[in-house]
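Engineer: Before we start, here is the structure in question, set down as structure tokens.
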Amino acid sequence: MGPLTFMDVAIEFSVEEWQCLDTAQQNLYRNVMLENYRNLVFLGIAVSKPDLITCLEQGKEPWNMERHEMVAKPPGMCCYFAQDLRPEQSIKASLQRIILRKYEKCGHHNLQLKKGYKSVDEYKVHKGSYNGFNQCLTTTQSKIFQCDKYVKDFHKFSNSNRHKTEKNPFKCKECGKSFCVLSHLTQHKRIHTTVNSYKLEECGKAFNVSSTLSQHKRIHTGQKHYKCEECGIAFNKSSHLNTHKIIHTGEKSYKREECGKAFNISSHLTTHKIIHTGENAYKCKECGKAFNQSSTLTRHKIIHAGEKPYICEHCGRAFNQSSNLTKHKRIHTGDKPYKCEECGKAFNVSSTLTQHKRIHTGEKPYKCEECGKAFNVSSTLTQHKRIHTGEKPYKCEECGKAFNTSSHLTTHKRIHTGEKPYKCEECGKAFNQFSQLTTHKIIHTGEKPYKCKECGKAFKRSSNLTEHRIIHTGEKPYKCEECGKAFNLSSHLTTHKKIHTGEKPYKCKECGKAFNQSSTLARHKIIHAGEKPYKCEECGKAFYQYSNLTQHKIIHTGEKPYKCEECGKAFNWSSTLTKHKVIHTGEKPYKCKECGKAFNQCSNLTTHKKIHAVEKSDK
């Protein structure tokens, strides 16, 4: 045999043979051939670049018509190669076995190293006269093109070659990082040079590795070769399928010794470790914000670019991340692949399932350093922190009002637009908040799930129960800075403050009358509509307001739940009790601006004002 050339370690395929290989096998073939060529260049053997290497570097198919005519197809070659390139085995080793079949004429016995001989050189000294494969390869070349089926051990070389066989002999001059394979160093160098030689004409995006371009192409084609046998979900990368399979097995093989937490993906463990170290190594040049993951920084950069390349085919909505598009599509398909083993509830996003599981475990891993309050969702902690900082980053462009959560701003905007997306199927009434619809539905069902442990009284809303409990405690934590008056509810204090400011932001479009509460405006509108939706089952009398119906019912029951602690007198309305208490305190909060006379009840002041009105008319 003559000196070793690239064609001695290369495999060529016909069109039919190439089509028998799947994408993973084709990509691996490219990488192995390029690596073998680079190794020959490194050893000073390859002089001119073969056509095959030029094709592979340009991302073209590794055959042409001229080469196809030269290669005769052996019987059964298609199966032969596909079998040798099984993904579940070492495909690289399989390719190297195919390479070595070219040297079968030398005889297998010439390739075998006897037990006890640690290098080709030692065996050559002992045997002396073999003319086969060992004559084709130098010691260093044997190391690079070894086949583990025939070679026992090539780890020890002569002193002259030892410097080439270190653990990571290929070192980057730019940053000092070492690699065990020359092709890995070549790929790494592109990070420093930012050469993206593999460009997709469809979207203009460029990559520094051909295999990354191949993967990216699948985004445009929608091609998903890798399907889960368990649930049928398909993926465009085999690594994504392997990661997905762990969901079904429940395996968590990556454990953090420091806190005992386990993960099913090694990258998740790496990310988790940063929580303990607090490291944020990836910084945005645009705004200076730092992240603990490079992928998070990449996603963040899209915010500055404003780019939304991932478009939904169903509704046209665009997203800046492919994962967000995947999640969004499940709205259209109704697909909920993530199921809770505890209660059977299913979700369309894995993160929602993770959050849901904490309901069963009671886990609250996100703790506020300011007050110690813990939460089961990180976003809730972020919102909570704004209570301490007073930050309100979400501002309404219409009126300038600011909010500490985006959801509150979204709800607020509906005041300006008049949008009411949540409709009651029972009566057709619409609401601008989902919580309002939920509360409204209880009117139809009559359900009162919230019960007071103190007195047994039941309520339709949890907020009403919270308000009611304060009656038993007598607590009034909300105090007016203007006049010192205290209230048991923050909403009552907010309403009260408008007395001092005179603010009436809620205006009726029908008659122009303004109110200081949205609920008062809502009740007022019923007057124009003539609607009386709240009907007494006892006598059939109808009312504009639910509170009026509640007060009316007391006539039938004779119930007087509001008792004066001073004298024991009981009343059927809380407002009547409030008026009564003034008798004991001597307080006269209602003052006439005309003459300065004060009264303990608003109605008495109203009556008094008429005296001045009559006096003015007489003049």
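Every residue, even glycine, has its Cβ placed from backbone N, Cα and C.
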Engineer: For the record in Swiss-Prot, which of the ranges 98-120, 144-166, 282-304 is the zinc finger one?
Structural biologist: 282-304
Engineer: Pick from 70-92, 254-276: which stretch is listed in Swiss-Prot under zinc finger?
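Structural biologist: Checked against Swiss-Prot: zinc finger maps to 254-276.
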Engineer: Count up the helix, strand and coil residues in the zinc finger (282-304) according to DSSP, in that order.
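Structural biologist: Final tally across the stretch: 11 helix, 4 strand, 8 coil.
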Engineer: Which residues, given as numbers and ranges, are at least 6 beyond the ends of the zinc finger (338-360) yet have a Cβ under 8 Å from it?
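Structural biologist: Cβ under 8 Å, 6 or more out: 247, 327, 330-331, 376-377.
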Engineer: So which of 282-304, 450-472, 506-528, 562-584, 590-612 has the most C-beta pairs under 8 Å when paired with the zinc finger (310-332)?
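Structural biologist: That would be 282-304.
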